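The domain 'SAF' annotation in TrEMBL covers 15-90.
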Amino acid sequence: MNKKPKEAMLISSADNVATALNRLNVGTVISLSTTKGKKQILLKQPIDCGHKFSIKNINKGEPIIKYGEIIGLATEDIPEGYHVHIHNVESRRGRGDKKILD
């Protein structure tokens, strides 16, 4: 029996993003195991290997959660299945000119 290779990884059940394990094309349906069961995500943008995509709608100003930790804030609304990267996330690290929210 041939098992389909894993295409993405959800690191923590608290995460609102998953990580692509290879390049993923628009229209790819990703199946992730969550604490609430299986979740299917339809990708609406191409996702490069190692990059993140949203597994739920994330509103502007909401935290981006990976590893169960807040890694940044959404700078715009990010619909489910969209690329999450520097173009739509303000990092919590590397900015000496801004106060970090706790």
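Each Cβ is built from the backbone N, Cα and C atoms, and glycine gets one as well.
Looking just at the domain 'SAF' (15-90), the mean pLDDT is 96. Using DSSP to sort the residues of the domain 'SAF' (15-90) gives these counts of helix, strand and coil: 0 helix, 37 strand, 39 coil.
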